[in-house]
């Protein structure tokens with residue numbers, strides 16, 4: 001026993017197996033007879049009346065000038081088209097009636113398939129898949145009533161973990177390469193160091209003027225001039241032998 005009791009409601013509906021009707025299904029004799037009856041009734045009571053009615057309506061529209069006739073064949077093409085449309089419309093309109101006849105047929109796999117399909121469509125979704133209430137209640141009670149031996153086995157199989165100290169967990173969780181130092185503020189010595197004085201444009205211009213004046217004074221100073229720029233030299237006489245003498 002697995003500890004669960006499976007109860008079913010007395011009025012619970014069980015899904016009926018749908019007969020397998022595939023392409024190779026061979027109808028029974030009663031089904032063949034009903035097929036012939038449906039075909040005959042559909043032809044005489046639906047297809048022929050609708051085809052004739054559509055042809056008459058088409059001819060009336062052509063005679064009134066609402067529909068134009070063919071220049072060579074007249075109204076024949078439109079009448080043929082109206083007849084075909086009425087014929088197939090009659091066959092489609094008789095499908096529902098023929099299905100109802102097959103549903104009333106006893107010992108018919110085709111009728112059973114039609115009845116089962118209609119029953120499934122009429123029921124809400126999930127009707128057959130819904131579990132009884134007794135099953136869920138009993139399963140809930142059996143889950144609480146487990147044996148003590150099962151509890152002991154579960155406790156033995158569970159892994160045991162030793163408590164970890166808080167300090168050890170903090171040390172293990174700390175990433176390597178990162179020190180727990182407090183961010184320090186700016187160095188006061190750096191703040192006390194004299195700041196570089198900003199130079200304005202006027203000061204730079206005055207400084208350039210002073211340097212230019214010093215350079216200009218050096219150029220105009222006679223002591224700095226080259227020897228060639230000084231006064232004219234004294235004339236010296238030279239004889240034909242290249243000797244010089246002063247007068």
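Cβ from N, Cα, C; glycine included.
Taken from Swiss-Prot, the feature domain 'OCIA' applies to 1-112. Across all of the domain 'OCIA' (1-112), the predicted model scores a mean pLDDT of 84.
What Swiss-Prot records for 108 (among others) is phosphoserine, and it gives similarity to another entry as the kind of evidence. There are 19 other CB atoms within 10 A of the CB of residue 108 (phosphoserine), with all protein chains counted.
Taken from Swiss-Prot, the feature phosphoserine covers 116 (among others), and the record attributes it to similarity to another entry. Residue 116 (phosphoserine) has a Cβ environment of 15 other Cβ atoms inside 10 Å.
Positions annotated as region 'Disordered' by Swiss-Prot: 116-247.
Here Swiss-Prot flags 136-146 (among others) as compositional bias 'Polar residues'.
For 168-177 (among others), the entry in Swiss-Prot reads compositional bias 'Polar residues'.
The compositional bias 'Basic and acidic residues' feature in Swiss-Prot is assigned to 192-210 (among others).
Per Swiss-Prot, phosphoserine is recorded for 193 (among others).
According to Swiss-Prot, the phosphoserine annotation covers 198 (among others), on the basis of a large-scale study or a structure entry. A coil conformation is recorded for residue 198 (phosphoserine) in the three-state DSSP classification, outside any helix or strand. Around residue 198 (phosphoserine), no same-chain residue at least 6 positions away in sequence has a Cβ under 8 Å from its Cβ.
Summarising the annotation, Swiss-Prot assigns compositional bias 'Basic and acidic residues' to 218-240 (among others).
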- request: May I ask for the distance between residue 116 (phosphoserine) and residue 108 (phosphoserine), taken between their Cα atoms and rounded to an integer number of Å?
  value: 12
